[in-house]
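TrEMBL annotations:
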COILED    92-126  coiled coil
TRANSMEM  420-444  transmembrane segment
TRANSMEM  465-482  transmembrane segment
TRANSMEM  545-563  transmembrane segment
TRANSMEM  575-598  transmembrane segment
TRANSMEM  634-652  transmembrane segment
TRANSMEM  754-775  transmembrane segment
C-alpha cells in the first residue's frame, strides 16, 4: 500500500478507479521513459515475457552489472560500519556520473580497499607475533635465570654435603659433578604460547605421548594477548618444553600444532636474550608507526566513500530497477520499439502523459511514446490512497485480505471501531494516559526513528504509533466512563448520587444507601467501587453493553453488504442475501438488544435469559413477570416466524435465479457455423471470447449457498457470543488493576516503613507496566483484531483482490536487499 500525499481525494470507502494502458516506446527513449515513470510512481507494469527465464531476457547483462556494483557497495558499507561511520543521507554535491564511470570507480576503490586490508592484516599479524615473541623472551628468560640460580646453589650444596641426587635436582647444570662427561645427555627445548584453557590438556598430552620423558614449565601472562591468527584477545601461558632427542622433539612439535600453540625461537644465552628483546622492541615501534599511517589512509578513503555512498547506492538501485522493468517489456515486430502494459489510477493520466513527453524531449527522440488505453475484463488491482495516519489501519484490513476492486473498504470504519473496541476491554484512564504519553514520544520523534533501524518489536510499535495513540485516547474515554484510574474512582463530574441512610451505614456494602441527589452525570457512580455489589453490577452492565455493541457492528457489516450489492448492480444479493440476513439477525439478537434497552429505561426486574430461552421452547406461554411491554408475546411469535422464514429465503431462490440468468445470457451459443460454406469462419469463431465462458455448475452453486446460509445462521449465535469477550477482558483488566493496587501498593503503605513502601512502589510500577501496559495491551489488541476480522468483515468483505504495486523510486529504500 503506497503512502501518497498527492492524491486528489481521500476516499477510502472505494479503491481508486484503475485503467489498463499500453505504452509503445522507442528503444532510444525507453530508459528515460521508465525512469520518469518511476519518479511518478503510479504505473504498475505487467510482465509480458513470462515464458522467458531471467537469463534469456534482453537486459540480463545490465542487471548482472548492477548486482555486481551492489555487491561492491555492500562491501563499502561493511567497511564504513567497521570505521564507525554513518551513511551521509545528504546530497553529495558532486557532478553527475554515468553508470559506466561508476562501475570503473567502484572497481578501483574495491581493489584499493582489499589491498589495504590485506596489507594491514599482514602488518597487524606480524605486530601481534612480535608482541608474543617479546613475552616469550621475557618469561622464558626469567625461567632460565631462576633455574640457573637454583642449579648454582645446588652445585655448591653438593660439593659440601654430597647428598643423593633427587628428582627435583636442576636440569640446567653446565656439568654434572657426579656424572661422567661421556654419559651426559644434551637437552633441547621448545618455547611458545598456548591458550590458558588448553594448558592442562596440553601438558597431559605431552606427558602421555612421550611417556613422561619431557619437562614442561609454564608461566601465565597477566593480561590477555591478541592472537595473531584469530585477531581476538585470548588469555595465554608461556611454555617451555624440555626434551631429549629428535624423536621427542618431533612429537612435541606436532602436539604444539594440534593445540594451536604459537612457537618462537629462544636462546639460553643471556646476552643474546637482551639483544633480541632490543631488536624486537625496535621492530614493534616501526610496525606500530606503519600500521597507524596505513589506518589513517584507510580511514580517509572510507570517509570519502561514505560521503558519496548514498548517491551511488541510490543510483545503482534505480538503474537495477529500471533494467528489471525493461526486461518485462516486449519488442514489437520491427525490433525498434518496446511495448509495455500496465495499470494506473485514472487521476494520474495527465502525470503519466507529461512524463512520456518529457522523456521524448530529453532523449532527442524523433518519435514520441504512444499512450493507449485498453479495455480488459481482468480484475484491476486495488489501490487506496492513504497517508501516514490511515495507512496503519489499512494494513490491519490488508492483513486479512486485500479488498476486491471497488469493494467497500472496512478500513474506513476500522479507524474508529478498532480503537473503541480495544478501549472497551482496556478501560482505565490512568493506563490510557501512560500509553498516550509513550506513543506521543514516538510521534514527536518519528523523523529521527523513521531513518533508523529499530528492533522487531520496536519497529512494529513505531509503525502502528497512530493506531496506538487512538487506542489510548479511546481508553481514556472509556476509563472515565468506568470511573477507573489505576482502579481508583474519582468524583470528577460531581458528587455521588447515593448517601448513607444513618451513621451505622458501612462502606463495604450498598445496604443502607439511599439516593439523595441526581444521577451521576457521566459514567459509573464512584460509590459502586469497593462495595459487595460492585462485581454483580459491573458484570451486568458490561455484559449487556457487549451484546449491544456486537449487534450494532454486525448490523453495520450487513448494511455494508447492501452497499456492495448496490454498487455492483446485484439485485439478487440485495433481495436474497441482505434482506433475509437483516431479518434473521434482528429478529433474534436485535430483539434481545431492544429488551436490554427497555429494561434499562423502565427498571424492570424481568429475567432476559428466561425470555430468550422460552421464546424458542414455549413461544405460546404467557410471560407473567417477565413481560416488559404490552404485546410482547405476539411480537416474539412474529419475530420467531420471520427468523424461520429467513433461512429458506437465503438458501433456495438464489441458486435457481443464478441458473436462469446464466441460461438467458448464453442462449443460442450452441449453434456452430457450417464448414461447407466458408472454411475461414471456423478459426474466427474459435477465437471469439464468447465461446470461452465457464460452464455453470448448479450443484456447486447450491452447495456454496447452503454453506453460506449455515455459516450465517450459526455464526449469528457464535459471533454474538464472541462479543462477550469485551465484557470478559474488561473485567479481567479491572480486577488485575485492583489486585495490584490493593495487594501491593496499599499493603506496602500499611507497614509505615519507608523501605517497604519504596519496594512496594517499584513492584507496583513493574507489574503495571509489564502486565497491564504490555501484556494486556497486546491481549486486547488481538481480541479487537479478531472481532473485526471474523465477526465484522465476514458479513460483507470478500478480500480476494490483489494490491496495486506501482514501479516507484520512492519505494526502493523500503526494499532492502
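Backbone N, Cα and C atoms are what each Cβ position is placed from, and that goes for glycine too.
Per-residue pLDDT, averaged over the coiled coil (92-126), rounds to 87. With a threshold of 8 Å between CB atoms, the same-chain residues lying at least 6 positions outside the transmembrane segment (754-775) that come near it are 428, 431, 434-435, 486, 733, 736-737, 740-741, 744-745, 747-748. With a threshold of 8 Å between CB atoms, the same-chain residues lying at least 6 positions outside the transmembrane segment (634-652) that come near it are 576-577, 579-581, 583-584, 587-588, 591, 611, 615-616, 619-620, 705-706, 708-709, 712-713. Beyond the transmembrane segment (545-563), the same-chain residues lying 6 or more positions past its ends with a Cβ under 8 Å from any Cβ of the stretch are 408, 410, 413, 417, 421, 424, 573-574, 577-578, 581-582, 585-586, 589-590, 592-593, 596-597, 716, 719-720, 722-727, 787, 791-797. For the coiled coil (92-126), same-chain residues at least 6 beyond its ends with a Cβ under 8 Å from one of its own Cβ atoms are 65, 68-69, 72-73, 75-76, 79, 228-229, 231, 287, 290-291, 294-295, 297-298, 301-302, 305, 307-308, 310-312, 315-316, 319.
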